[in-house]
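For reference, TrEMBL has these:
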ACT_SITE  D99  active site, nucleophile
BINDING   Y154  substrate binding site
COMPBIAS  9-21  compositional bias 'Basic and acidic residues'
COMPBIAS  184-204  compositional bias 'Basic and acidic residues'
COMPBIAS  445-456  compositional bias 'Acidic residues'
COMPBIAS  459-469  compositional bias 'Basic and acidic residues'
DOMAIN    222-326  domain 'Pseudouridine synthase I TruA alpha/beta'
REGION    1-34  region 'Disordered'
REGION    172-207  region 'Disordered'
REGION    435-469  region 'Disordered'
Amino acid sequence: KKDRSRKAPQYDKRRGTRKEADDADADGEGVEKTPRLPKRLHALLIGYAGSGFNGMQIQPDVRTIEGEIFKALVNAGAVSKDNADDPVKVGLQRAARTDAGVHAAGNVVSIKMITAVPGVPDLLSRINDELPPEIRVWDYVRVQNSFNARTRKYTYFFPTYLLIPPKPGSGLHRTLKQSSSTSGDDHPFWKDVAPDSSREEDMQRKKKWRVGPDQLELLRNAARKYEGTHNFHNFTVGREPKDRSCQRHMWSIEISDPVVYGDTEWLSVLLHGQSFMLHQRKMISALVLSIRTGTPSSLIDELYQLRTVMIPKMPSLGLLLEHPIFSSYNARMQEVNVNVELTDPDYRPALDFDVHAEKIKAFKEEYIYSRMRSSEERVQVFDRWICSLDRYAGPDLLYLNPQGSIPDAAVVKKGKKRTNAFREWKKFDATDFVSADGTTHPLPEDDEVDEEEETTEIISKKDLEEAEG
């Protein structure tokens, strides 16, 4: 028979944890333990400037947004010392994952946390005191055990000079001229510009250029092609055209009026989608490339078809996660709260970033927008990106044509090596080009780029699912 003389561990249903019946130490003597403080599932509404961080998701031995937040919660007493060694113990999860360097004005981390911390009258302030200024917790809100925040908004910023057509004599200019069988007039911007002018000289002219109302309207009309449910397989990586997960729904695409900062004019594109795929900033790239080359918006419809083409990624510098949207969750909680008082433990507040709009606006200007514009001014990321496209003279961009059609030469065929394929560079995935001491790390010119720096993405299905949202 089994020895039943020892008392088995009891299960505390209220806490959902196992506790030993006997708290004696190894010598059999009782030891005083730190009192257990109740922890409940909360959503932390956060914002951050991603520069200098290795992405959102917590990882060992590297600096991440979640890692800094978890450390701050431990130091503030919101996570007990017993759970400080492993965030899994307190159910740390994120609503939207962002890559290294990507900014977020609003994001959500859910975690089982202690809110009544002895000796801490203002826990929110204490948590923020423990965080670097580039990360802020706007609020923490008690939530149900599960909630979904798939719907979200992103903003992409870029200088309007990207809409200027390719420089006459450049590789892309020659290729497009040949493919369109026309010798149409060159854009007025390039009039009186020497063919051998330097990129720096051209850059000074580009800063003074301003987008016209006709071109802006063409951009907005093309952007409306993204609204609705479509097959976005050409706007991501690692997905087959017939993969059902490529079907995504965009609620709206809004393009702002242009605004001048310093000498440069900027545009912002607000994308409100049910969910987003990895590198879906290719959507902005397709818009920019089609407008600057006079390609009709019908190209967007062609890109939803099953043929695969290469669409370059826009630089990561311009990408900002505005915030997840909790409409469905808030609607369910409104029903839950019908007969519940505000002071009742079962009351669940709405998750709302709008109530923190003023703080978020100030944070975005100081830590995101200003740094974004400063990086462009000092490093000229966007100009180097567009110049790298204009130097390309191969077939991958032949879908930029007056018909908006995709020629067979531009189709990427699985398992078949492409001749003179366009190469993307990892440098354009960076968002931080200035060290803490103010030293600028410029991007190399095209002829200085080591071929080993070429981006070759091999992404597992698990990593894709984790990266998307």
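The backbone N, Cα and C atoms fix where each Cβ goes, and this holds for glycine too.
Of all Cβ atoms in the protein chains displayed, 17 besides its own lie within 10 Å of the Cβ of the residue listed as 'active site, nucleophile'. In this structure, the CA atom of D99 (active site, nucleophile) is 13 Å away from the CA atom of the residue listed as 'substrate binding site'.
Across the domain 'Pseudouridine synthase I TruA alpha/beta' (222-326), DSSP assigns 31 helix, 32 strand, 42 coil. Within the same chain, the residues at least 6 positions away from Y154 (substrate binding site) whose Cβ sits under 8 Å from its Cβ are L270, L271, G273, F276, L319, L320, L321, E322, listed in sequence order. Per-residue confidence over the domain 'Pseudouridine synthase I TruA alpha/beta' (222-326) averages out at a pLDDT of 91. Counted with DSSP, the compositional bias 'Basic and acidic residues' (184-204) comes out as 9 helix, 0 strand, 12 coil.
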